[in-house]
Structure formats: structure tokens, C-alpha cells
Amino acid sequence: MFTWKGFCAVTILATACIARPTSSAVFEKLDSVPAGWVKDDSTKLDKDSTSITLKIHLMNKDMGKFHELAMNIATPGHAEYGNHLDHETVLAMVAPKQESVDLVTSWLESKISSSKAKIAVQGDYVTVDASVRSVEKLLDAEYSIFLHSETNERALRTLEYSLPATLNGHVDMVQPTTFFGLQRLRSTIKEHHELDDDEMGIDAVQAVPGCSGTRITPTCLANLYNFASAKNQTTGLLGVAGFLEEYAIKADFTTFLNSYAYFSNKARSFTCTTVNSGTCPSSPAGIEANLDVQYAGSIASTVPMTYYSTAGRGQWLGSGTNTNEPYLEFLTYMLALPADSLPNTLSISYGDDEATVPLSYATNACNLFSQLGARGVSILVSSGDSGVGDACTVNGKKSFTTAFPAACPWVTTIGGTTGNSPESAWSSGGGGFSEIFGRPSYQNDTVNTWLATDTTHAGVAQYFNASGRAYPDISAQATNFVIVTSGSARSVSGTSCSAPTTGGIFQLLNSGRIAAGKKGLGFLNPWLYGTAASGFTDIKAGKIGGCAG
């Protein structure tokens, strides 16, 4: 049982009474440290001199009504189809209640001295800049430094935190707390010239003009996917998301276009825009970043392209410095862009296991994706490169491993294929059924048909949530893409190849519509599962693996 003290602020004009709790309850808790992370007791943490920028998300009102409108806007044949919203309209629909703002700011002011913290309210977020010690007292939490066993990155996190019960229904997320960050989705990179076709270990793509052995280039893809004769487009904007200090290099982009682009006008470049204090250096070359811009950009002919270099890893850097996890920062930035600066298509090749992402974080990020789609952005996300995962258990129960944001129902998730005799599922491509997001209505018929007719899943039905959002939505080539980094050609595989490839193709469609005086496609999935289905090849060969076979 909780007890409260009443707090009254008396002015000449009015008296306002706000309940203040004297105790709190655990709001979010991890049962164990996420896989790959261990507590680092060897690193000293000065909790008084180290600061944290805490993001408190206020619960959006009418999100259900907004989702209904967003789905109508994306559904061909509906009266609202294509009526994309501006930022102000989106904010007005989902803005938090003023009561939520008042309760949270009153709580903060009662717990943290103004001389020891900075508190700011913007939209549906309250931001608090304070010392670790102050934040620990605020959240009844204990922060520690954790070390990632593979990357040696350090993160300042807690495994649980508490909030006053009076904030239930008003706050739905506080970070950085229990979320350890998203990682890039990319397989091992090997030098292209060191490998011959036999060493690639992939079925050859030989039946398509422009495809040499197992090597994939834009010319090969243009012939394989029938866009070699597409009209050169110049309108619209293509966006590529960049994180984790992955830098796209313009000199490498130029070399790649001169060597491998399928279209004649190769004198194009791209714009690098910084987000969350990111940077755009001329080196070092990021293999992920170069892959993304080289394929998305070369396929989209001469449509302008922006690479969004977003800083932050949610990482402990030592000496009292702790950086913020950048994903929500990026999505919030994108959502606030004016219509003429918003990309029509956005390719994202970063994610992590769904089980490592707190429900509150996943829900808020997915809601932001829905808002971007309603603003007219077609969002394409890699499905992952680990099949159904390496283990057969998640959080102690039998389960395949699923990915985020691939499992969000408001993005178009791109899986991987390989070969052309026939084109088949790439065995390492990510896929599955979300454990946290229910199946959206637009894929009901497709998934129900698969569940009723497929003969391969009966023996593993206990390992996946058949009522969850199924992914990937569509797939594209994912193996042995030739890219250029630091002036040299390399070969790379992964659904990080599939997503920018598909992003470039859909930008051609978006740009064609815009040039014809129409609106861009926006959120794609209701259209993809409906009238657009006949435009795709059904991949019936191959399978994804994992989970010890």
C-alpha cells in the first residue's frame, strides 16, 4: 500500500494541489544482464561527477486512434489513402495530457535540486541532466558499468528502476536505464580480391546479364529485378540511417559508381547530415555505411540522397563521460523535419535481438515509426543475419530469437535471398514472429494461409509466437555484394545488403510518383500485402536456420 502527502501551491489567483508519493514501485526490471554483457567492477565510477541525460517519455494520448488513421492513410482504396500528415498535426494528435507534464515536473522538482540538474520539457519528453548519484536517488536504482565481451564497449546502465505509483498512466519509458543499445546487422567482411568463386560458398547468379559468378553489383541487381530500363529520376529524397561511428565516404562512393553503377550519369554524390552531434569525416571508411550508400544511391539513379550520421552509443567513455543511446534521438529528429526535408524512403541496417530491448523502448520506437510512415516515409529495415538465432531459449523458455526493429509492424522488413537457379532464401537471413507485437491485420490472410499449408513448422511450433507480427515482408539478394572501402573492392553479405537495395528500388517508385504529380507511397505494408503482391516473385526454395539445427 502506498501513502501520499498532498502538495499545494497557493497563489493569489488559484490553488493547485498535486499528490506527491512517499514511496514507489519497480517500473522496469531485467532478470539478468543481456547476453554479451558483463558487469565491469574494474572500472571506477564517480557517481557525483558523472552525469546522465535522462529521457522520460510521457504517455501519448489517443495512440490507438492515431494508429487507425495511419493505417487508413497507407491502405489503397481508403478515402484517407496518401493524405500524409505534417509534423504539427501528428503532435497534436498524440500529445501527452497536461496533467502528465505537471505530475512529472512536480515530482522532479521535489526530488532534484535545480542547482544540481537541468530539467526541460519538449513535446512528449522530459529531459533531465543530472549526476548519476542524483538519478539513482530519483529512480531508486543502482547504476553500474557493463562491458560487452565482443566489442569491449562499456555502458552505464541499471537492471531495474522505480517510479511513483502516481505516474502510472503518465510515464511509459525512462532511458538510459535497462536498454543496452542496438548493434549493426552485418556479416563478416572479407577482402574481395582474396576470394575466388569457390571460396564464396554461394550458388552462382549466372543466368542474369551483368552477374559474374557469385559477385553482386548494381548492374546485376538491375537486370535481376527488372529496373535496368527504369527512367532516370531526379526528384524526391532518399535517406540512409547511420549509427555507431559508421562513416560514408564520398571518394569511395565516386569510385564505386565509376566501376559498378548501371546508369550513365555517374557524377552524383550524397549529402551527409549530422544528428545528435554526429560528424561527417572523410575517413575512416565505414564498411556498413559505404555498403548502404553505394547500393541505395546507385540504384536510385540521380535522386538526391542524405546519409544521417547519428552520434552516440549509449556508451561509457570514462572520465565522467556517458553518451546517449542514439536510436530515439534519430527518430525524433526525423519526425520533426519539415516536409520538403523529409526523405521519401529511409533504409536502416541496425538492430538487435528483440528480447534485449525493453518493452517500453520498443513500443515508443515503433510508435515513432508509425508517425514517420504517416508523414509519408517508406521505412525499410534489415531482418538480421542470424536466422532464428544460435540458441533455442530466450529468457529461460523455448523460443527462436527475433529482431528489433525488424519485428515492428510499422516498418517494411527486408529478408535475404541468394542465387538465381532458383533465387532462394538465404540460410542466415533473419525471420520469425514477434514476441511483443501482435500480428497486424494487413498480413492476416498471408500468415493464416502459411500456417494452414506449410508442412515444415509443425515440429517447432512451440518455438515461435504464431499470433505475433511475422517478418520479413519481402526479400532481396543478400550475399557477396561488391563494395568499395578506402579505395579497394571488398565482398560483403547480410540483410544490410538487402535493405539498401530495396530502398533504392522503392525510391525509384516514390520519385516516379512525385514527378507525375502524385504523393509518395509512405508506409508500404498494406499495399505490399494487397494489390502490390502480384508484382513480386514468390521465393519457394531454401530456408533459414539456426537454433542448433
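For all residues, glycine too, the Cβ spot is worked out from N, Cα and C.
Database features (TrEMBL):
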- Glu288: active site, charge relay system (ACT_SITE)
- Asp292: active site, charge relay system (ACT_SITE)
- Ser496: active site, charge relay system (ACT_SITE)
- 215-549: domain 'Peptidase S53' (DOMAIN)
- 1-24: signal peptide (SIGNAL)
Active-site residues: Glu288, Asp292 - member with fewest neighbouring CB atoms within 10 Å: Glu288
Rounded distance in angstrom between the Cα atoms of Glu288 (active site, charge relay system) and Ser496 (active site, charge relay system): 7
Other CB atoms, at most 10 A from the CB of Ser496 (active site, charge relay system): 30
For the domain 'Peptidase S53' (215-549), the mean pLDDT of the predicted model: 91
Nearest-integer angstrom distance between the alpha carbons (Cα) of Asp292 (active site, charge relay system) and Ser496 (active site, charge relay system): 7
